[in-house]
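Read through the structure below, which is laid out as structure tokens, and then see the notes.
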Amino acid sequence: MRSLSKVPYKEAMMKFTKEKQPEVDLNSKITENYGLDGSNSLSTSSEEQPSKEENVGDKQKSIDVHRTLESRHIQLISIGGSIGSGLFITIGTSGLVNSGPLGLLLGYTFWTCVILSLTVSTAEMVCYLPVSSPFLTMAGRVVDPAFECAASVNFWFMQSIYIPFEITAVNTMIHYWRDDYSPAITVCIQIVIYIVLNVFAVKAYGESEFWLSIGKLMLCIALLFFTLITMCGGNPKHDAFGFRYWHAKGGPIAEQITTGGIGRLHGFMYGLISACFTVVGPEYMSMVAGEARNPRKNMKTAFKTVLYRLALFYIGGALSVSILIAYNDPTYLEKADSSSGAGSPYVVAMTNMNVKVFPHIVNAIIVTSAFSAASEADLSSGLEDIEEHEYNYYAEMEANEKSEGKFANMMKWIF
């Protein structure tokens, strides 16, 4: 008998395909296992729910799936969950200043097309199989458990380092009003609130994100209308500046590193890098699939709004910033290194136009946006998903080796 390594590839594949595989009604099996039909198998109340059990080798583990997020929660999380300080501050300090108005708009337009293609691809699989942390689970289902493990660790690390970034952003933006306090006060308050929101029922997180996202949504729409009105002359100076700043000295695309076409290409790349940091979305939306009520219906509706969200908020935001202020404005260049609300291109533009009160309102909502983005990252950081995936992977490995699974239990406590 030939060893497996010596069997020709074509012969092995022909033998595999000839073997009759048992027929399984996948749709009914998925619905039965994950309660996707909204039945009482997984109740949607906020009380403690029965858990779903998954086989892991010859072991079993329990995963609580409450499915308490309703359609309104998912809609607002999908619209505003990923909007943080980047859309209001970083879009100018690292984008407009380095790339110019046209470079910024092209960079954000290009990257939103990339994110849209990723979201559409993710939506198809998430609506078909809306399990907990679906894009991580699918990595193990369709590729390899090791790939699922690696993807889980990387996603957890990425989201974990994003949390302190937004916590720091909230603290620095509060300095817009006053500096006579210890930064430890705001940092500790935020950490406590994040723990409270994520330790208790997921519905508490859904409600908090619902109202915070409403504030971000209203701010985005208000800034778009502010841009339209002021560029037509509706400002205290009665200056109809239109697209004046697109004709600023240096051209619509800033030159970086060198001059000429290569320098403008570098300027465009600066705008693209800024967009890569600011424009996110598909992974955040898919993470709530495991806690959504009637997910196949609600997730489908939420994913349909992605195109409008990307076009309105990100491309529209890049266009608004490029209209309101020149990328080489001396006043803005002095504040470009600031992470506070004073570094927001909207706040600087309002100050230049002698607009009163509104800058304080904008900065206050930016604070809540950064807080909300960190809360979203906290939920998505995999603090429960990393435990689920790491424990699942190592427990299966231990079960196959017929060991006691002590290493798997150790990994559960670590993650």
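The backbone N, Cα and C atoms fix where each Cβ goes, glycine too.
According to TrEMBL, the feature compositional bias 'Polar residues' maps to 38-48. Residues annotated as compositional bias 'Basic and acidic residues' in TrEMBL: 49-62. The domain 'Amino acid permease/ SLC12A' annotation in TrEMBL covers 73-375. What TrEMBL lists as region 'Disordered' is 18-62. Here TrEMBL flags 76-96, 108-131, 143-163, 183-205, 217-236, 267-285, 306-327 as transmembrane segment.
Nonlocal intrachain contacts for the transmembrane segment (217-236), taken as residues 6+ away from its ends with a CB within less than 8 angstroms of a stretch CB, comprise 76, 79-80, 83, 87-88, 242-243, 312-313, 316-317, 319-320, 323-324, 346, 349, 353-355, 358, 362, 365-366, 369. Within the chain, the transmembrane segment (76-96) has long-range Cβ neighbours (under 8 A, six or more residues past its boundaries) at 69, 104, 107-108, 166, 169, 173, 206, 209-210, 212-214, 216-217, 219-220, 270-271, 273-275, 277-278, 280-281, 284-285, 288, 302-303, 305-306, 309, 313-314, 317-318, 321-322, 325, 327, 332, 336-339, 341, 343-346, 348, 362, 366, 369-370, 372-374, 376. Sequence-distant contacts of the transmembrane segment (108-131) (same chain, at least 6 residues past either end, Cβ-Cβ under 8 Å): 30, 34, 36, 91, 95, 137-138, 271-272, 274-276, 278-283, 285-286, 289-290, 292, 295-296, 299-300, 303, 306-307, 310-311, 314-315, 317-318. Residues 78-79, 83, 87, 91-92, 95-102, 104-105, 107-109, 112, 115-116, 119-120, 123, 220, 223-224, 227, 230-231, 242-243, 245-246, 248, 250, 254, 275, 278-279, 281-282, 285, 345-346, 348-349, 352 of the same chain lie 6+ residues outside the transmembrane segment (306-327) yet bring a C-beta within less than 8 angstroms of a C-beta in it.
The average pLDDT computed for the domain 'Amino acid permease/ SLC12A' (73-375) is 83.
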